[in-house]
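Trainee: Sharing the record's features from Swiss-Prot:
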type: ACT_SITE; residues: ASP151; note: active site, charge relay system
type: ACT_SITE; residues: HIS214; note: active site, charge relay system
type: ACT_SITE; residues: GLU279; note: active site, charge relay system
type: BINDING; residues: ARG122, ASP278, TRP345, TYR373, LEU374, ASP375, TRP421, ALA422, GLU423; note: substrate binding site
type: BINDING; residues: CYS227, CYS247, CYS288, CYS291; note: Zn(2+) binding site
type: SIGNAL; residues: 1-21; note: signal peptide
Amino acid sequence: MARPLPILGGILLSFSPPAEATAQYSIIPEPSRTELRQETAKTLQLLSDQEVPTLETDAYRLTVTPQGAHLASGGREGRIYGLATLRQLRDQLAGQPEGIPCGVITDKPRYPWRGLMVDPARHFIPAADLKKFVDMMAYYKFNRLHLHLTDNQGWRLPVPGYPKLKSVASRREESFGDGIPHEGMYTKQELKELVAYCAARGIDVIPEIDMPGHNQALHAAYPEFFCFPKPDMNVRTTAGNSKELVCPQKPEVWKFYASVFNELKDIFPSGIVHLGGDEAPTELWEKCPLCREARTRAAMKDEQEQMKAFFAKTAALLAKNGQTPQFWYEGNAGIYHPGETVYAWRQGQALQSIEKTKKAGLNLIMASSEYCYLDFPQIQGQRNWGWMKTTTLQKCYDLDPAFGKPEKEAGHIRGVHAPVWAERLPDLNHLLYRAYPRACAIAEAGWSPMGVRSWENFRRKLADHRQFILKRFNYDMERTQGNEPAFRWENNK
């Protein structure tokens, strides 16, 4: 029977699964290797669960027999992924009382990094809501949750000794002229509980403290940290960036960031701190007397050399805590240091980023906006900014993080990452609507070798997964022109 799947361009897609569809597994992401057998399994009781040293730590082997399932894994990660696959097979079996085929699944991820980013800086997401998002991530074997905690529109991390982060930086008067105040800040305990919740599901949490730009909320709270303090600065109420950068010549700035990094160390055991580093116009550094004097003293030729010095000092602060930095890649490899990790995000620059980061000795995570930015509309006509192109499910699925390059040219690529920016996504419902089902495609891009991936097979599986997610998480992944959650802002700026 044909199964409807409304996913592209607002058009209801219908297709007929192949005749042997009942003799296939519906696993997303597609396993590395699947060997099906003639027998049928009507129970998936876990009969054995063993660690096998011959398997890699993130690999597993799941054997389905008529009597039940046997799991072998190389370590904790592999066991988590094997149990995730077993969970999906049980969901499939629940809808197929005639049974599913027996077989052997031998599996491991193509890339070690498979992440999603949420943006509570723009719209605060309560920690309790994030747990549902995390559960769905784990179902699809994602292993990194990136929290964009600070930006022009809000600051969400508490830092001892800096009370105005909560009283000023975490609040704004409205969003896009809607007249509705918005605020929110996590407690330290909430963040620790979220980290533990994620860890139990094989997910590390990566905090981001954006710098030296994207800091209008910080400027509103502590204007003395900036080159030209503006005591009347407000937390930004619209999208976009400001030209205000923290002043690297002020000791109080480094005292503040040392406190921030100490707090992150106590909360996030991953040891990774994303520092942003993107969209940082240096015109005020050029004009700042303190910065000009520092450049002259150090014989710096321009503000980009000052930017390099800024991040060298920041990296040194992190190193004292055993932490390492990550950045949004801006193409100027000179401000990064060999061995550091950057995210390729700028539209149309993926191939260039792969080549330049390889030459510079950097690790790369593929987050190319035309494939990976899940806040972009997924159906033509959905509301967002006018400049955003529609990124369909198939466009996301077409992503090869290596862009066809061989291992010797792309071996520094660590994985794939999909941000869900939230300037116009006010709550979990909007966040999930934009993230799924495209996150399923990103999951397969990060996990599955190109040789086992198939768009047609993915569409077949996704029809089943709509039912799996509906029953397990009470969430419908159907996407049509008319079922987008109500959109508060009518302007398109």
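Note: Cβ is positioned from N, Cα and C throughout, glycine not excepted.
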Trainee: Measuring Cα to Cα, how many Å separate LEU374 (substrate binding site) from CYS291 (Zn(2+) binding site)?
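Mentor: Cα to Cα, LEU374 (substrate binding site) and CYS291 (Zn(2+) binding site) are separated by 38 Å.
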Trainee: Relative to the Cα of GLU423 (substrate binding site), which of the recorded positions CYS227, CYS247, GLU279, CYS291 have a Cα no more than 10 Å away?
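Mentor: Cα filter at 10 Å returns nothing.
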Trainee: For the recorded Zn(2+) site formed by CYS227, CYS247, CYS288, CYS291, name the remaining residues of the chain with Cβ within 8 Å of the site's Cβ center, in chain order.
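Mentor: For the Zn(2+) site the neighbour list reads PHE226, PHE228, LEU245, PRO248, GLN249, LYS250, LEU284, TRP285, LYS287, PRO289, LEU290.
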Trainee: In the structure shown, which of the binding-site residues CYS247, LEU374 has the fewest Cβ neighbours within 10 Å?
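Mentor: Across CYS247, LEU374, these binding-site residues, the one with fewest Cβ atoms within 10 Å is CYS247.
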Trainee: Which Cβ among the binding-site residues (CYS227, CYS288, CYS291) has the fewest C-beta neighbours inside 10 Å?
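Mentor: Counting other Cβ atoms within 10 Å of each of the binding-site residues CYS227, CYS288, CYS291 gives the minimum at CYS227.
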Trainee: Which one is closest to CYS288 (Zn(2+) binding site) in space, judged by CA to CA distance, out of the recorded positions ARG122, ASP151, HIS214, TRP345, TRP421?
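Mentor: Answer for the nearest of the recorded positions: HIS214.
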Trainee: Identify, in sequence order, the residues in the chain of TRP345 (substrate binding site) that are 6 or more apart from it along the sequence and have a CB within less than 8 Å of its CB; answer 'none' if there are none.
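Mentor: Residues satisfying the criterion: ASP278, TRP328, TYR329, ALA367, SER368, SER369, CYS372, TYR373, PRO419.
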Trainee: Any same-chain residues 6+ apart from HIS214 (active site, charge relay system) with CB under 8 Å of its CB? Would you list them in sequence order, or say none?
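Mentor: Within the chain, HIS214 (active site, charge relay system) has Cβ neighbours under 8 Å at THR150, ASP151, ASN152, ASN241, GLY276, ASP278, GLU279, ALA280.
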Trainee: Taking DSSP three-state, what's LEU374 (substrate binding site) in: helix, strand or coil?
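Mentor: It is coil.
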Trainee: Hey, how far is TRP421 (substrate binding site) from CYS291 (Zn(2+) binding site), Cα to Cα, in Å?
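Mentor: Distance (Cα to Cα, whole Å): 32 Å.
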Trainee: If one measures from the C-alpha of CYS291 (Zn(2+) binding site) to the C-alpha of ARG122 (substrate binding site), what distance in angstrom results, rounded to a whole number?
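Mentor: With distance taken Cα to Cα, ARG122 (substrate binding site) is 30 Å from CYS291 (Zn(2+) binding site).
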Trainee: Measuring Cα to Cα, how far is ARG122 (substrate binding site) from CYS247 (Zn(2+) binding site) in Å?
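Mentor: Distance (Cα to Cα, whole Å): 23 Å.
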Trainee: Enter the number of other CB atoms within 10 angstroms of the CB of TRP421 (substrate binding site).
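Mentor: Within a 10 Å radius of the Cβ of TRP421 (substrate binding site) lie 22 other Cβ atoms.
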Trainee: For a quick check of understanding: given the listed substrate-binding residues ARG122, ASP278, TRP345, TYR373, LEU374, ASP375, TRP421, ALA422, GLU423, what is the maximum Cα-Cα distance in angstrom, as an integer?
Mentor: 19
Trainee: Please state whether DSSP places HIS214 (active site, charge relay system) in a helix, a strand or coil.
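Mentor: In the DSSP reduction, HIS214 (active site, charge relay system) maps to coil.
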